[in-house]
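Record features (Swiss-Prot):
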BINDING   Gly33, Glu34, Asn35, Gly36, Ser37, Gly38, Lys39, Thr40  ATP binding site
Amino acid sequence: MKNIFLHSLILENYRNFKNLELKIDNTPIILIGENGSGKTNILEAISLFYPGRGLRSAKLADICKTSEDHCSIKALLQSKLGLAEFTTQFKLSSNRRITEYNESKIANNELSKFTSMVWLTPQMEGIFTSGKVERRKFLDRIVYNFDPKHAELVGKYEYYMHERNKILAEEIQDDNWLKIIEEKMADISNHIAVNRLKTLEFMQQTINNLENEFPKADLSIDGIVEQKILDGEENIVSVITAELYKTRNKDKLIGRTSFGVHKSDFLVKHKKKNILAKLCSTGEQKAILIAIILAEMNYAIKLTKIAPVLLLDEVFVHLDDKRRDYLTEFFTYLNLQLWITTTNLESIENFASKAQLIKL
């Protein structure tokens, strides 16, 4: 098994840090400090070496230290392709983020070719009751760990959808170009939907077979494109293309694309109770979310033979002893680079004795 892990992390003008340099090993790392000391900021910085906007989904303008025009994050990282230096930097004046791999610029959605990450934060505990956009993004992040090209597909789909909306809004009379865009969207949609369904199938198998202290979940996706694939619809790309053509006038009026894989919802049920997770108690929702993360870790390692970096923000808060003990044993068994934030070591003293402690 190959581990993805950081050797070092350097922050400049990032959030509350003017300068911070950490040297770390391929071991569990515990960031300990009072609330507001910057523990979650460090996790967020690491998460920016994965497709997307990090574990907070923050606007780039918010991550620079107050009164500074730029910020940067550097990491020496054992990647899928070996030891490499990654840099991501942002300038307020240009409102651009630049990411580099060994001093060569790469697109944000290419990061999954090099890294693999999973995270769990308190903000995610409301994912079942929030809008479907957040749940869909959560599902796609899971897929990134199993198919590195999925992030690029999602990025391309969003680009072509934006182009289609622009052509419709500006009443550009170019049916041929619009047809080409819709055909590209349809082809990419098919790949995205298949990737999601395939991942959910294997995730469900993993959940069913994994015995732990957390409730089992039933996973599904509510989406027209995904359902057509499940129903065995033939010529799915042509069907999607035809639907996009049919909705042109409607989409022109409302100013957005009303049909497609960007409308799908990731649904999660409490298996034993047979109710949607959003109807469960907050404690049950957190437990179900942890169960999904555990299944993702198991499936990722089994399928790809790669252990991702795991970022856990205050994950032990409000867990009973049995579940806390299970998690510490599970993480020890996985032998991966795990980052945990906490305000104290109470109840995890044994686990802490095997970890690298960083006090903030």
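Backbone N, Cα and C define each Cβ position, glycine as well.
The Cβ of Gly36 (ATP binding site) lies under 8 Å from the Cβ of Asn16, each of which sits 6+ residues away along the same chain. Listed binding-site residues: Ser37, Thr40; maximum Cβ neighbour count within 10 Å falls on Thr40. Neighbours of the ATP site: apart from Gly33, Glu34, Asn35, Gly36, Ser37, Gly38, Lys39, Thr40, residues of the same chain with C-beta atoms within 8 angstroms of the site's C-beta centroid are Asn41, Thr341, Thr343, Leu360.
Just so you know, of the binding-site residues Gly33, Gly38, the Cβ with the fewest other Cβ atoms around it within 10 Å is the one at Gly33.
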